[in-house]
Amino acid sequence: MVQEYDVVVIGAGHAGIEAGLASARRGAKTLMLTINLDNIAFMPCNPSVGGPAKGIVVREIDALGGQMAKTIDKTHIQMRMLNTGKGPAVRALRAQADKVLYQQEMKRVLENEDNLDIMQGMVDELIIEDNEVKGVRTNIGTEYRSKAVIITTGTFLRGEIILGNLKYSSGPNHQLPSVTLADNLRKLGFDIVRFKTGTPPRVNARTIDYSKTEIQPGDDIGRAFSFETTEFILDQLPCWLTYTNGDTHQVIDDNLHLSAMYSGMIKGTGPRYCPSIEDKFVRFNDKPRHQLFLEPEGRNTNEVYVQGLSTSLPEHVQRQMLETIPGLEKADMMRAGYAIEYDAIVPTQLWPTLETKAIKNLYTAGQINGTSGYEEAAGQGIMAGINAAGNVLGTGEKILSRSDAYIGVLIDDLVTKGTNEPYRLLTSRAEYRLLLRHDNADLRLTDMGYELGLISEERYARFNEKRQQIKDEIQRLTDVRIKPNEHTQAIIEAKGGSRLKDGILAIDLLRRPEMNYETILEILEESHQLPEAVEEQVEIQTKYEGYINKSLQQVEKVKRMEAKKIPEDLDYSKVDSLASEAREKLAEVKPLNIAQASRISGVNPADISILLVYLEQGKLQRVKQ
């Protein structure tokens, strides 16, 4: 008997989990298929979640009603706020995960989710009828019919592990690869690229000499990614810092001919921002040393991840490298590092909803779209799940703009510009990063999460209370006038500020660079009455008000361009005077509006002006296909 679902999700990694949960929570009957149920939410590379830009994505997923933040809050072994000495736009949370606990907690959540079935099975083929996906077929011939399919296959598509001169078919961590589905996608006409990533060796904690390394503790205050988290893990495990040296580099130099990276065995493009140790040695050979972080993989294992030592060198060379590193001279290697090549689709073949242009109701999310990182995958996953469910249920799709979220930046970059290497999200990619902060992810996206049915009534009530408290406190400080008495002058001078000549509104005093919210309370002789997150918002919104308003003005200009819609079926060959490169790129990307068209590489301002003229004169409707 053929089983029927609204949505089928292929894969149960970080993209698949968020896609499946979002789809089910929106009310779609959802099936998640995975090669091995024991590897749900597996972390094949680094045992961490978050970091610059990525940590903000985790907060955004949480604000939309996703799961990653809640799970890492329950299962981390260490948490740190990064870039605390810099402005709020680049601050981000990073957590070290207990990999096994993280998997177990995610599996528990999935198994207890209404509307979601989980099944072990390898999908070999998509069922396509009239350029529309109708379901999937597994390697044992089982058919699952559905109204939409989301592919979240990670690095499994035609995966090959490479170690020295050894190369064999495999998914990450020596799991089964997905070869037949990869061939199926090629047969369906998708433009496929070959990418590469890698992982470092793991060593036994009992054999590390930590006295030769530098301790890297977590923060000693409770931190969390999720708005819902109220209990914090304070019993944390440290990481440790060590370095490569001249001896390490000599081992690499002597054996560079054995590296798959430089022997020609690896054809795929690797990640620019996470290079192998061989790559670092060659590209930055003026550097006398490179940082290595020793990261525990969990509370109940001795495996330690050697962050920064990703390699495809043979196993015996990896051992030689470890012997040269302070603290690791006698370390037992428990797993060798390796490189992995895999298939990815060219992401300009997608609409901003992550639906494929060629096949209706087929969505893709995660590393199959050319990205790297658990967080980037999860961010795409939740949007693919939201949109697939909204599509089949008729409840509407959502596209996050570049000013809404880092997830919006990520997806727009992929579908508009494409990528010729594994894409990593960076704060520098976001032109509105002062608006897209770690601290305001809930304020930006909780309303949307609630409208989509992914945020509970109880949580939404708490969120609205927080939002009102921020508004009320800013208004209160706007109404309170501080007198220039000796008490006030002494505190201001102690903070390095200049004495007041006249009275001043509390809100204006807070805008001074040397002032903070706590100092204002001290001047007013008041105690802390509000939650820390509310006080933080009051301070940031006040101090950066001018810059924030400038960014908002820029956003309004772009929104006016986004309002100028372009028909999906426009025939650009019939638009006179467009440059040939612009005509080709516009036909490939099929931008939905003038703003997106302006971001396409190869489309210049003159081409945009021509499109605007056609749009304003109503000519675009006449050149549709």
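Every residue, even glycine, has its Cβ placed from backbone N, Cα and C.
In this structure, Gly13 (FAD binding site) belongs to neither helix nor strand by DSSP; it is coil. Sequence annotations record features per position, and here Swiss-Prot assigns FAD binding site to Gly11, Ala12, Gly13, His14, Ala15, Gly16, Val123, Ser178, Gln367.
Annotation comment: Swiss-Prot describes 270-284 as NAD(+) binding site. In sequence order, Ile252, Leu256, Ser259, Met261, Tyr262, Thr311, Ser312, Leu313 are the residues near Glu278 (NAD(+) binding site), counting only same-chain partners six or more apart with C-beta under 8 A.
A 10 Å cutoff on Cβ-Cβ distances gives Val123 (FAD binding site) a total of 25 other Cβ atoms nearby, all chains included. Ala15 (FAD binding site) sits 20 Å from Cys274 (NAD(+) binding site), taking the CA atoms of both as reference points. Of the listed binding-site residues, namely Ala15, Cys274, Val282, the sparsest CB environment within 10 A is found at Val282. Taking the Cβ of Ser276 (NAD(+) binding site) as reference, residues of its chain lying under 8 Å away and at least six apart in sequence are, in sequence order, Gly198, Ser259, Met261, Gly270, Ser310, Thr311, Ser312, Ala339. All chains included, 31 other C-beta atoms sit within 10 angstroms of the C-beta of Gln367 (FAD binding site). Nearest neighbour of Phe284 (NAD(+) binding site) by Cα distance, taken over the binding-site residues Gly11, Gly13, Val123: Gly13. Sequence-distant contacts of Lys280 (NAD(+) binding site), defined by Cβ-Cβ distance under 8 angstroms and a gap of at least six in the same chain, are Lys287, His290. Sequence-distant contacts (6 or more apart, same chain, Cβ under 8 Å) of Arg272 (NAD(+) binding site) comprise Glu421, Pro422, Arg424. Remark: of the binding-site residues Gly11, Gly13, Gly270, the most isolated position is Gly270 (fewest other Cβ atoms within 10 Å of its Cβ).
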